[in-house]
Amino acid sequence: MIFLKLIKSIVIGLGLVSAIQAAPASSIGSSASASSSSESSQATIPNDVTLGVKQIPNIFNDSAVDANAAAKGYDLVNVTNTPRGLTGILKLKEATNIYGYDFDYLNLTVEYQADTRLNVHIEPTDLSDVFVLPEHLVVKPLVEGDAQSYNFDNSDLVFEYSNTDFSFEVIRSSTKEVLFSTKGNPLVFSNQFIQFNSSLPKNHVITGLGESIHGLVNEPGSVKTLFANDVGDPIDGNIYGVHPVYLDQRYDTETTHAVYWRTSAIQEVLIGEESITWRALSGVIDLYFFSGPTPKDAIQQYVKEIGLPAFQPYWSLGYHQCRWGYDTIEKLSEVVENFKKFNIPLETIWSDIDYMDSYKDFTYDPHRFPLDEYRKFLDELHKNNQHYVPILDAAIYVPNPNNATDNEYQPFHYGNETDVFLKNPDGSLYIGAVWQVTLFSRFLSRKHSDMDKVIKDWYELTPFDGIWADMNEVSSFCVGSCGTGKYFENPAYPPFTVGSKATSYPVGFDVSNASEWKSIQSSISATAKTSSTSSVSSSSSTIDYMNTLAPGKGNINYPPYAIYNMQGDSDLATHAVSPNATHADGTVEYDIHNLYGYLQENATYHALLEVFPNKRPFMISRSTFPRAGKWTGHWGGDNTADWAYAYFSIPQAFSMGIAGLPFFGADVCGFNGNSDSELCSRWMQLGSFFPFYRNHNYLGAIDQEPYVWESVAEATRTSMAIRYLLLPYYYTLLHESHTTGLPILRAFSWQFPNDRSLSGVDNQFFVGDGLVVTPVLEPGVDKVKGVFPGAGKEEVYYDWYTQREVHFKDGKNETLDAPLGHIPLHIRGGNVLPTQEPGYTVAESRQNPFGLIVALDNDGKAQGSLYLDDGESLVVDSSLLVSFSVSDNTLSASPSGDYKADQPLANVTILGVGHKPKSVKFENANVDFTYKKSTVFVTGLDKYTKDGAFSKDFTITW
C-alpha cells in the first residue's frame, strides 16, 4: 500500500515489526490480547528518523562530471576465438576515477547462445568486492545445443569490435542494420559506476524499462531510474519493480529486437535523440540481445529465458473486491452480501491490513475478527465457490521482551532462531520500520522451512486462497536501523496520521452539480485517529554523508554518483532499507535491493505449495524483477482516482507484458483520493478486460464498490457479463501466455508491427488477437476516438454489440458512440472466440453450456482455440485443446487431450456471412438457425452435444 500506509512495524531486517494501534498480538502460538482498537497512550516513531540526507541527482547537477567526456576507455587485447564466440582482456587506457575506482583489467566473453540470442559479458579480472548475480537467484540464459560447436552462419546476430579504444556493435545479419553500437563512446567500469552508450536511429521507438507510470514509448529525454521504490505511483518516477529490458522497434527495416541487462544493480537509463546511455552503480555487464524479428518474437524470446509466467488458477479471472478499511468481519460479510444483493458477480474478497492484530503479519484481531466468526465467514465463502485473499506485508514484528504476551509472537522467534534477519554491518539486527515478512537473508541462505511453517500455521487458523504480497521493495519508513534498542517500546504509532480523510476528486467532478454528492458524503468513514505525542528516539549512527570515493565496495550508502530516486531527498535509504544492511552470506542490500520482492515471491510461492500441494499458488505482488512472473501476478500499485491513471493503466499493462508479467491489473476506480460515479463507471468497464480485475481504495476515501452508485452498478453488470461470457477465451490466453510468453493485453504496434502510425497507440488495446477495446478516458464525453488498423483493406472489424461489420478506414481516427455505461468493443475478423454462459461465480460459469463466436475475415476464414483443464492443478494430468478453423463455409473443431468437459455446445454465432444460407448442418444434421444482417445464429446444438461440446471432432457447414 502507499508509503502513507503506515509504519506498520518496527522492523527487523527481514521482518516486520508491526507497530501501531494496539496491544499484544493474537498470533500463531499466542493467546488473544487486548483489542487493537485500544485508546491507551502509545509511543510514536519520531518524524526526524524518516528524513534522509538531501542528494542532488547527477542528471540535475550542472557541475557533475560527464563520464562519457572524461573517461579514456579500454583497449582489447589477447582475443581468443572459442567454439561459441570469443574471449579477451580489456586493459584500462588511463584511470580517471570519476565516480569510483576504475578497474585496470576486465574480462570480455562473447557467446552466441542461440540463433536468435547473443550474450556480451564484461567483468573485472579481479572479482574481489564485486557482486556477480548468482545463477541460483536469477537464471542465466544458457547455450542451446552443443556448447562446443556452432555454425555462426545460422545466427541472426553478429558481434563486431575494435581493439583500440574498445567498442562493439551487434548487427542483424539479414539486414546488416546495426542494433547496438558503442562506437565513439568509452566504456566506464569502476567499483561504483558502470556506463556504456549505444547509438540509436533517429525517430527511434523504445519501449520497456519498467516500472514507471509513463506512456508506452520512452521518448527522447526520458530518464528511467531502475531502483525499487515504495512511492505512490508518481508519473515518470521509479516505482515498485525493476525490469532492465527494452524493445527497439524499427519501422525502416520492419524489425524489432530486445536488449536485457541481467543485473540487480541500481541503474539509470537515459534516452536521447539518437542514443541510449545505461548506467549501474555496481555489478558486472551481462547483456543479452534477442533478434526478434517481430515485437512478439522478441518478447517471447526474452520471457522464455527469464522464466515463463505462472499458470494462474481459473478462478483468478473472476472479479476481486478489496479496500483498506474493511476493518471488521461484519464489514467483510456485508460487502459480500451487497454484491449478491445487487447481482454483481464477486469471486474473491480481499483483506488489507485491517484483519491483523496490531498490524502483525500472520495474526488476526481477536475483537474485530474473532476466530470463530472469521472461520465461519470463510467456510461460507468457500461453500459458495468464492475466495479470500489477505495481505502479507514484508516484515516481522519485533515483540516487546518486557511484555510476556507480546513476546509470544512466534514468527519473530522462528526467524531469530534460524538467523534469517538482516543485520547491520556490526552484526546487530537491522531494525527499521515496516519491513518484509519474507525473510530475505533466509532466501540467500536457502532456509525456507520456517517460512513454510508460519504460512502453513496461518492457513490452519484462517484458510485463505492466496496471498497479496505488499511493501516488498523492500520498504522501511525510517532511515537506517532506527529501531535498534527501541523495540521494548513496541507497539508504536507511525509518525503521521493513519487514514486521514481524502479530499481530492477526479478532474471533471463538480460538487455543486453532483446529484450523488449527499450520498457520497454520508459514506465517508471517520476512521482517522490522532497519534500520540510521545516519541521513539532514533538510534545514533555514524554515516558518511558525502558522495565520496571509497575503495572496495565503496561508499554504498551515499555512492559518488547520485541517481534520481523518486523520494523527496533522493536518499537511497528513504522509504527503503539502508544499502549497507547485510544479508546472510554477507551480501549487502546495495547490490540486491531490486531483488527483494522477487526473492520473497519465490519463497512465498513454494510455501503456498506446502499449503496447497499440486495446486497453482495464487499471489499478487507489488515489487517485481525479471522472472517474477514465474511466481506471481502484479497490480499497478497505489494509483489515484483520476482519469490520467485510468489511461496509464494501459501502457503499464503493456510494460508488464514485455517484462513477463501478463497477469496484471490496476486498482480499478483508483486507490488514493475519492472516486466519483463517472470515473468509476468508465474504469469498472475498462478493468473488466484486464487479466486481473480488482477494485481497491484507500482507508480515508469514500466507498467505491460498484453498487455504491446505481449507474456504476449497471455499467459493471454490463461489462462483467461480457467478461464472464469470455472466460474460456481468457483462460485459453492464460495458458498461451504460460506456455509461450505472449502477453494477454497487446499493443497495436505489436499486432501491426510495420505501421509506424501505431507506435504510440496506448489508449486502446487488443485482448489476445481477437478483441479490440476502446475505453473512454476523459470526463464529460459520450464519444471516443479509436483507430482500426487495416480496416477497409485486409482487416475486418465487427461491433460486439450489434455483431455487424463496421466500415472503418485504415489510418483514420474513427469516432465511436460511447454513452456512459457503454465501452466500445470490437472483434477482429479471422478469429473464433470460445464462450460459456456466465454465472455468478467462475465455478458456476464452468457448469454452463459453451458457445462460439466466429468472426470471418475478408476471405471467409477464421481460426481460434480453446484450452481446458481442471483449472487448478499445478501439474496438469488431463487437458483438452480444441483447434477451430473456418474456410469454405465450414467450421471444423478438432479436440485433442483427455480432459472431459461435460457441458454441451449450445450455440454458434457466425459474423460476416454475406447471404442467408439455405441450411446449416451440424455434421450431417440440419439445425435451427436465424439470419439477420450478415450474421448467422445457430441454436439448439445442445441436443447434438449431450456428451460434451468437444468430446469429438465436428463440423458445422452453411
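Cβ atoms here come from the backbone N, Cα and C positions, even for glycine.
Quick look at what Swiss-Prot lists:
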type: SIGNAL; residues: 1-22; note: signal peptide
type: CARBOHYD; residues: Asn61; note: N-linked glycosylation site
type: CARBOHYD; residues: Asn78; note: N-linked glycosylation site
type: CARBOHYD; residues: Asn107; note: N-linked glycosylation site
type: CARBOHYD; residues: Asn197; note: N-linked glycosylation site
type: CARBOHYD; residues: Asn403; note: N-linked glycosylation site
type: CARBOHYD; residues: Asn416; note: N-linked glycosylation site
type: ACT_SITE; residues: Asp470; note: active site
type: ACT_SITE; residues: Glu473; note: active site
type: CARBOHYD; residues: Asn513; note: N-linked glycosylation site
type: CARBOHYD; residues: Asn580; note: N-linked glycosylation site
type: CARBOHYD; residues: Asn602; note: N-linked glycosylation site
type: ACT_SITE; residues: Asp638; note: active site, proton donor
type: CARBOHYD; residues: Asn813; note: N-linked glycosylation site
type: CARBOHYD; residues: Asn907; note: N-linked glycosylation site
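Features per Swiss-Prot, on structure.
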residue : record                      : Cβ contacts under 8 Å, 6 or more apart
Asn61   : N-linked glycosylation site : Ala562
Asn78   : N-linked glycosylation site : Gly88, Ile89
Asn107  : N-linked glycosylation site : Thr87, Gly88, Ile89, Leu90, His121, Ile122, Glu123, Pro124, Thr125
Asn197  : N-linked glycosylation site : Asn68, Thr182, Asn185, Ser275, Ile276, Thr277, Trp278
Glu473  : active site                 : Ala228, Asn229, Asp230, Tyr240, His575, Ala576, His593, Tyr596, Gly597, Arg622, Ser623
Asn813  : N-linked glycosylation site : Lys785, Gly786, Val787
Asn907  : N-linked glycosylation site : Pro849, Gly851, Leu852, Phe937, Val938, Thr939, Gly940, Leu941
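Distance between Cα atoms for Asn416 (N-linked glycosylation site) and Asn403 (N-linked glycosylation site): 18 Å, as a whole number. In the structure as shown, the Cβ atom of the residue listed as 'active site, proton donor' sits within 10 Å of 26 other Cβ atoms. Long-range Cβ contacts of Asn580 (N-linked glycosylation site) within its own chain (separation 6+, distance under 8 Å): Asn424, Pro425, Ile556, Asn557, Val588, Glu589, Tyr590. For the residue listed as 'active site, proton donor', the nearest of the recorded positions by C-alpha distance turns out to be Asp470; the candidates were Asn403, Asp470, Asn602. Reduced to three states, the DSSP call for Asn107 (N-linked glycosylation site) is strand.
Cβ packing within 10 Å was compared across the glycosylation sites Asn416, Asn602, and the lowest neighbour count falls to Asn416. Just so you know, the Cβ of Asn403 (N-linked glycosylation site) picks up 16 other Cβ atoms within 10 Å once every protein chain is counted. Other Cβ atoms within 10 Å of the Cβ of Asp470 (active site) number 28 in total over all chains.
Counting in whole angstrom, Asp470 (active site) lies 14 from Asn602 (N-linked glycosylation site) by their C-alpha atoms. Under the DSSP three-state reduction, Asn813 (N-linked glycosylation site) is assigned to coil, being neither helix nor strand. Between the C-alpha atoms of Asn602 (N-linked glycosylation site) and Asn403 (N-linked glycosylation site), the distance comes to 34 Å.
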